[in-house]
Amino acid sequence: MKPMLKDFSNLLLVVLCDYVLGEAEYLLLQEPVHVALSDRTVSVGFHYLSDVNGTLRNVSVMLWEANTNRTLTTKYLLTNQAQGTLQFECFYFKEAGDYWFVMIPEVTDNGTQVPLWEKSAFLKVEWPVFHIDLNRTAKAAEGTFQVGVFTTQPLCLFPVDKPDMLVDVIFTDRLPEARASLGQPLEIRASKRTKLTQGQWVEFGCAPVGVEAYVTVMLRLLGQDSVIASTGPIDLAQKFGYKLMMAPEVTCESVLEVMVLPPPCVFVQGVLAVYKEAPKRPEERTFQVAENRLPLGERRTVFNCTLFDVGKNKYCFNFGIVKKGHFSAKECMLIQRNIETWGPWQPWSPCSTTCGDAVRERRRLCVTSFPSRPSCSGMSSETSPCSLEECAVFRPPGPSPVSPQDPVKSNNVVTVTGISLCLFIIFATVLITLWRRFGRAPKCSTPVRHNSIHSPGFRKNSDEENICELSEPRGSFSDAGDGPRGSPGDTGIPLTYRCSASAPPEDEASGSESFQSNAQKIIPPLFSYRLAQQQLKEMKKKGLTETTKVYHVSQSPLTDTVVDATASPPLDLECPEEAAASKFRIKSPFLDQPGAGTGERPPSRLDGIVPPPGCAVSPSQTLIQKSQIRSTGGRDGSSERCHSRSSLFRRTASFHETKQSRPFRERSLSALTPRQVPAYSSRMRTWDQMEDRCRPPSRSTHLLPERPEHFQGAGRTSSPLGPLSKSYTVGHPRRKPDPGDRQAGLVAGAEKMEPHRAHRGPSPSHRSASRKQSSPIFLKDSYQKVSQLSPSHFRKDKCQSFPIHPEFAFYDNTSFRLTEAEQRMLDLPGYFGSNEEDETTSTLSVEKLVI
């Protein structure tokens with residue numbers, strides 16, 4: 001066995017040596033695969049052995065294309081070159097296919113070449129990779145599109161016969177799988193020749209395929225059937241899709257236009273719907289605002305602006321193809337809607353002329369959200385002719401017709417004249433009023449008393465008259481006087497409750513004679529005088545010599561009425577404030593002269609002061625004032641105030657200012673009540689000594705007494721009375737002042753008054769003796785005859801009952817003449833009584849009217 005293996009090994013070694021050392025011929029390709037049209041060359045390696053004699057023969061390498069069965073080129077080897085590499089350029093490889101490299105040796109005997117197929121090389125050539133794309137053109141409305149051809153392979157630079165490319169496009173209306181069921185498909189081909197480049201866009205026009213269009217693109221070399229690259233079929237609707245042409249934000253004025261941009265080569269046919277912005281929460285449901293259908297080939301549609309809400313809101317538009325039933329386009333936008341519309345027409349204006357051809361005009365306003373820049377479309381005004389009467393053909397000769405402005409001018413003149421006349425009347429009225437108020441010197445001053453009930457507006461009472469001389473201004477018959485000032489609290493205090501500021505405490509001793517020294521002659525108002533005359537006549541008819549009447553007193557003294565006789569509630573002798581006084585009081589027509597100081601007043605004491613020289617009046621109006629001055633310890637020592645009473649009061653002053661609960665007064669013709677006796681201070685003077693006429697009272701005259709010695713008496717006390725004291729100061733009686741001392745007594749000051757009498761005497765003459773007596777507890781009331789003269793003698797005095805000036809002619813001295821019996825009956829002085837035993841009841845004061 002071993003010898004057999006040894007022999008076989010030797011045989012293999014001989015064969016191997018023969019192969020290695022023997023002759024070998026071959027062709028070798030570096031790259032078996034090549035890219036057509038590329039810029040790379042093909043390299044082929046060869047090895048060829050010479051013959052036995054060592055001579056070289058001619059050898060060539062042939063490039064043969066198998067697809068076309070033709071030789072493309074042949075290259076020869078050098079004679080003395082047994083091995084090497086041959087280069088084949090890129091332009092030999094224009095198409096993809098199979099290529100062969102074959103070595104062909106030369107035969108020596110006859111010179112023919114026989115290819116050695118056993119000694120050949122195979123080359124595979126492929127097409128380069130081209131990318132095809134479709135795109136919209138700038139003229140999308142024209143129905144065109146673009147085909148792009150791109151490759152990343154570097155192409156060969158053909159020196160001659162550079163090949164061209166051919167781009168073929170095939171349009172169809174359906175996909176290949178649907179052709180059998182729907183019949184013969186519609187195909188439209190379009191080709192374009194182009195140069196061989198690495199990338200380019202080739203534009204094609206659209207074929208009228210329909211709503212659906214499919215495109216297939218193929219790339220070939222010109223003149224060849226082989227396809228370099230192809231793509232398709234491509235659904236253009238899916239490739240490009242539908243687009244809605246609209247701005248992101250638009251202001252809707254009248255209508256909103258929306259344009260649908262379809263894919264290239266596709267006709268529009270579908271539904272365009274409008275939805276409000278999608279809700280933010282999923283549970284909310286969107287609602288459709290409107291929907292418009294687009295017919296075949298129509299790309300534009302409009303929506304009315306009234307469909308959208310006022311303001312800025314977001315809406316979405318969806319377009320869908322009818323066949324597919326789904327929306328393939330959606331766009332959202334902000335729509336601003338403003339209110340811009342025309343308002344109603346205004347009425348027609350009047351015709352421009354009164355005759356002939358005329359026109360009229362009417363206007364309307366633009367209602368808009370932006371009044372500063374209204375943009376309503378249309379005319380804001382319009383005109384129309386007016387059909388009026390024909391104008392007169394023949395006109396009378398004369399001046400030119402008046403222009404339409406002349407009536408307006410005449411109307412203006414009338415208006416200006418009327419206004420001027422009205423202004424003149426107003427101006428004249430103002431001047432007359434000012435002249436009446438400031439142009440004349442006032443006959444009498446008009447002092448007022450604050451908080452007056454009968455004159456709340458500080459006016460002169462209706463029943464007051466001026467009794468002063470023409471050359472001397474006097475104070476008005478008001479409720480307040482111009483006398484000396486008292487304390488600030490004295491203003492507004494009733495007349496009968498004002499304390500004397502000039503009387504010292506020791507003057508209480510002279511209270512017994514204060515009855516005669518405090519008489520006052522006054523003139524009654526007209527209504528009171530006539531009322532007295534009427535009462536006297538009634539008494540005469542009834543045969544009465546004495547009677548009592550109670551009158552209801554209103555704020556207007558002219559409306560006093562008679563009521564049944566009644567008892568009056570007691571007076572408040574604690575000096576109440578004016579605000580608590582009764583509104584049914586009657587105010588004095590003369591000036592009140594409050595005292596210079598205040599003091600404390602015991603209850604059931606009445607105060608008064610001596611009056612200054614006043615107007616001379618008739619003795620028929622003389623009233624007897626019974627007064628008594630209380631002692632004062634200091635001006636600010638007590639919280640309760642007593643106020644001095646002025647001597648210049650009217651005859652109705654006996655109706656005291658009382659509380660509001662006393663709306664009635666009692667009036668008597670023969671007797672007086674005991675508690676409300678006002679202190680009159682002017683009776684002490686006689687008519688014989690009053691030769692001078694009345695003079696205006698001076699404020700400075702009554703401020704301080706001229707003769708202080710008259711206020712000093714034997715019974716002077718050193719301590720003042722307390723505010724709640726019930727005791728009375730004991731005074732000594734004074735003598736009755738004679739007529740010579742009367743003037744000094746008037747200026748001296750106030751005298752103290754005695755307390756009220758406990759009973760009434762038959763006459764003032766009988767009471768005068770008892771009044772001069774004094775008591776350790778209180779002074780006895782007494783009366784004294786006031787005057788030595790009879791009323792007839794007083795009437796003869798030159799100072800009449802009424803002023804003789806023509807201004808006072810209304811007071812007729814002869815209108816109130818009485819009979820002799822009435823004269824004798826009424827020739828009694830008034831007197832005041834007092835009843836201190838009954839402190840709870842009292843009647844309103846009454847007065848005696850002496851004619």
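Glycine too: its Cβ is placed from the backbone N, Cα and C atoms.
Swiss-Prot lists 765-776 with the feature compositional bias 'Polar residues'.
Here Swiss-Prot flags Asn53 (among others) as N-linked glycosylation site, drawing on sequence analysis.
Under the heading N-linked glycosylation site, Swiss-Prot lists Asn58 (among others). Mapped onto three states, the DSSP output places Asn58 (N-linked glycosylation site) in coil.
Taken residue by residue with DSSP, Asn69 (N-linked glycosylation site) is part of neither helix nor strand, so it is coil. According to Swiss-Prot, the feature N-linked glycosylation site maps to Asn69 (among others).
The feature N-linked glycosylation site is assigned by Swiss-Prot to Asn110 (among others), with sequence analysis given as support.
Counting only residues at least six positions away in the same chain, the Cβ atoms of Phe145, Gln146, Gly148, Trp201 sit under 8 Å from the Cβ of Asn135 (N-linked glycosylation site). The N-linked glycosylation site annotation in Swiss-Prot covers Asn135 (among others) and rests on sequence analysis.
All protein chains shown were included, and the count of other CB atoms within 10 Å of the CB of Asn304 (N-linked glycosylation site) stands at 11. Among the features that Swiss-Prot reports, N-linked glycosylation site is placed at Asn304 (among others).
Per Swiss-Prot, the feature signal peptide maps to 1-24; the stated evidence is sequence analysis.
The feature topological domain 'Cytoplasmic' is assigned by Swiss-Prot to 434-851.
Per Swiss-Prot, transmembrane segment is recorded for 413-433, and the stated evidence type is sequence analysis.
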Per 10 Å Cβ neighbour count, which of the glycosylation sites Asn58, Asn69 ranks highest?
Asn58
May I ask for the distance between Asn69 (N-linked glycosylation site) and Asn304 (N-linked glycosylation site), taken between their Cα atoms and rounded to an integer number of Å?
74
